[in-house]
Amino acid sequence: MRVRNRKGASELLANNPQYVISNPEECKGKWAEIFGNNNPIHIEVGSGKGRFVTGMAAQNPDINYIGIDIQMTVLSYALDRVLEAGLPNIKLLQVDGSSLTNYFAPAEIDQLYLNFSDPWPKKRHEKRRLTYKSFLDTYKEILPEKGEIHFKTDNRGLFEYSLASFSQYGMVLKQVWLDLHADGLEGNVMTEYEEKFSNKGQVIYRVEAQFQ
């Protein structure tokens, strides 16, 4: 979902290089050095306003997190959260999810999150869905052997499509939630959309899929 442009967003991102990486191509293969440790690295593709990735970073200080979003304004709101939290284990990137191999070396990322991605419901837009085969090819390259994707959505159609896409790719569906909030998940960190939709009584779907 597009948001109204935010005045000063570009300057805000540029003025906080400790969190916002402006030259991600130069970081490929060097993320442990950038974080200053060898802790696992988890990324969220389509991090929106940053509630999930910031919450995860606060909850798991021994894991490094990278929030990725192509929209400058949205990323600037994520930066607001990061600055308020003051956490050392989080970075932000303004890049496209289809180009991740330009910024991460093979197996450099330990886990990947997709939360409430655009469902692109029209058939002609299938290739834009973040669980389409070409995206899975990209994710597999930067994740380790048996690396995992954790996926959440309120959209039943996208969820069913994604389950089929993961399965057709040869991934193992380790765990599937057809009603996340009814079934419960210890340590679940909600996104902005997740709270909004669940408050309206909408079901939240989740799956943990593992490459083979």
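Cβ atoms are placed via backbone N, Cα and C, with glycine included.
Quick look at what Swiss-Prot annotates:
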type	residues	note
BINDING	Glu44, Asp69, Asp96, Asp118	S-adenosyl-L-methionine binding site
ACT_SITE	Asp118	active site
BINDING	Lys122, Asp154, Thr191, Glu192, Tyr193, Glu194	substrate binding site
REGION	124-129	region 'Interaction with RNA'
Surrounding the recorded S-adenosyl-L-methionine site, with Cβ no more than 8 Å from the Cβ centroid of Glu44, Asp69, Asp96, Asp118 and those residues left out, we find Val45, Gly46, Ser47, Gly48, Ile68, Ile70, Gln71, Gly97, Ser117, Leu130
Across all protein chains shown, the one of the binding-site residues Asp96, Asp154, Glu192, Glu194 with the most other Cβ atoms within 10 Å of its Cβ is Glu194
What DSSP reports for the region 'Interaction with RNA' (124-129) is 5 helix, 0 strand, 1 coil
Pairwise CA distances across Lys122, Asp154, Thr191, Glu192, Tyr193, Glu194 (listed as binding substrate) top out, in Å, at 25
Counting other C-beta atoms within 10 angstroms, the emptiest spot among the binding-site residues Glu44, Asp69, Asp118 is Asp118
In chain order, residues whose C-beta lies under 8 angstroms from the C-beta of Tyr193 (substrate binding site), counting only those at least six residues away in the same chain, are Gly48, Asn115, Phe116, Asp154
Rounded to a whole number of Å, the separation of the Cα atoms of Glu192 (substrate binding site) and Glu44 (S-adenosyl-L-methionine binding site) comes to 14
Largest C-alpha distance in Å for the S-adenosyl-L-methionine site residues Glu44, Asp69, Asp96, Asp118, as a whole number, is 14
One should report the C-alpha separation between Asp118 (S-adenosyl-L-methionine binding site) and Glu194 (substrate binding site), rounded to whole angstrom, as 13
The rounded CA-CA distance in Å from Lys122 (substrate binding site) to Glu44 (S-adenosyl-L-methionine binding site) is 24
Here the 10 Å Cβ neighbour count for Lys122 (substrate binding site) comes out at 8
Whole-number Å distance separating the Cα atoms of Asp69 (S-adenosyl-L-methionine binding site) and Thr191 (substrate binding site) is 14
